[in-house]
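So the structure is just underneath, and the comments pick up after that.
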Amino acid sequence: MQLNSTEISELIKQRIAQFNVVSEAHNEGTIVSVSDGIIRVHGLAEVMQGEMIALPGNRFAIALNLERDSVGAVVMGPYADLAEGMKVKCTGRILEVPVGRGLLGRVVNTLGAPIDGKVPLEHDGFSAVEAIAPGVIERQSVDEPVQTGYKSVDAMIPIGRGQRELIIGDRQTGKSALAIDAIINQRDSGIKCIYVAIGQKASTIANVVRKLEEHGALANTIVVVATASESAALQYLAPYAGCAMGEYFRDRGEDALIIYDDLSKQAVAYRQISLLLRRPPGREAYPGDVFYLHSRLLERASRVNAEYVENYTKGEVKGKTGSLTALPIIETQAGDVSAFVPTNVISITDGQIFLESNLFNAGIRPAVNPGISVSRVGGAAQTKIMKKLSGGIRTALAQYRELAAFSQFASDLDDATRKQLNHGQKVTELLKQKQYAPMSVAQQALVLFAAERGYLEDVELAKIGDFEAALMAYVDREQGELMQQINQTGAYNDYIEGKLKGILDTFKATQSW
């Protein structure tokens, strides 16, 4: 075969013309130390605070300490095979998690990867875990309720859409049970739920997921998990990841509810990271920015106005407000609410529900202490019927507590005092409620009406629970339409008052409890 020199030169020219030098600029550094999930990297001059650093083996770390000649970063995942001298790169990206409706009904880890063994995740994009909270002008006042299904909470400590209400108490006082029942109660309300489990046992979380599924609430819920066996970095970031998933619904004119269970464990994880990064410790060895840790998270829970939603969706959604309601949980030690983290979160939130171990052990469940529990903005969100009928409950309980303490020392009590004590005991008994049995607005209203109008005074204390159960069965059977009407409108007028009175008069006459 004979080669033509002209052809060869043309071929070479063609190849030269086609040759394209692709240059890739990236900021590269070297690991100088690895210990306890923390790496120190030399040479990353242009790294950002919170930036993802690419590590060998398709892993990454997050830059938290930017020092003069090195960067302190926390590894997201296993770090046993990392060694000094390994090369790492800047990615130019902040940590993002998948968001969207495809996450509903799924159990995911902090990074948004599914861990429930089901089909691959479908999502509508990614959202940064750290986001700036909506400004004052973009917000709207809280005036719509979130019904927890608990009589004691919805009557005395009402929660509104866009509110932050702290659930605080010692271990084993029913904090998680209250939050999970609030999720179960949203299954028909249209409110999307996010449950963030931080530092809990995997078996406990599996039980929660099973209960949500049994009660038909999992399809409406995203469960974000950072178990006790996972790294402190994943436990620290889990609430922010869950919040980003909740903001997806808020920014599109929908309502969402997020539970952080619990922020005490997140603060401990952050303290661990900060001490390993050699940051100076402060009170209780927490770093100086532990208040900011929780404030920047909880400020993202808000109710945004229709203009914000319209601008965010570029006009696709009009005339709708969005909300993200937060129920953070804090665990106290022996009822000490003056510790560092509890006082911080109390000052950030719009109210708190105190659960007490002595009430829990006395069989009063939910173990809410109405004297020191408060909702600062939820009162404006209560439905008309609940506002009208719940007013006397808090007063009755306050008077009962005062008189109960006094009556221990008094030998003879007048009739008025004895009547008040009896009424207080009946109301306390009436507010008891079993787990996984949330009540509708109409059911709560009927029970509160019975308490306020004296229908319980001649019912034995031990029979109050039976009275309530029989009453619920009776109205479901005889007055389903009225109950449906109250649930839909939340209104209270002379007609509804007369109907409730008629129901209770007829039911009392049957003596069927």
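Numbering starts at 1 and runs along the chain as displayed.
Glycine is treated like the rest: Cβ placed from N, Cα and C.
Record features (Swiss-Prot):
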BINDING   GLY169, ASP170, ARG171, GLN172, THR173, GLY174, LYS175, SER176  ATP binding site
SITE      SER373  site 'Required for activity'
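All features noted in Swiss-Prot, drawn onto the structure.
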residue : record                       : contacts (Cβ under 8 Å, 6+ apart)
GLY169  : ATP binding site             : LYS175, GLU331, THR332, PHE354, LEU355, GLU356, SER357, ALA367
ASP170  : ATP binding site             : GLU331, THR332, GLN333, ALA334, GLY335, LEU355, GLU356, SER357
ARG171  : ATP binding site             : GLU331
GLN172  : ATP binding site             : SER357, PHE360
THR173  : ATP binding site             : LEU355, GLU356, SER357, PHE360, ALA367
GLY174  : ATP binding site             : LEU355, PHE360, ARG365, PRO366, ALA367, GLN435
SER176  : ATP binding site             : VAL208, ASP261, ILE329
SER373  : site 'Required for activity' : MET156, ILE157, GLY351, GLN352, ILE353, PHE354
When you measure from the Cβ of LYS175 (ATP binding site), how many other Cβ atoms are you left with inside 10 Å?
25
So around the ATP site, GLY169, ASP170, ARG171, GLN172, THR173, GLY174, LYS175, SER176 aside, which residues have their CB within 8 A of the centroid of those CB atoms?
GLU331, LEU355, SER357, PHE360, ALA367
Under DSSP, is GLY169 (ATP binding site) part of a helix or a strand, or is it coil?
strand
With H, G and I counted as helix, E and B as strand and the rest as coil, say where DSSP puts SER176 (ATP binding site).
helix
So, three-state DSSP: helix, strand or coil for SER373 (site 'Required for activity')?
coil
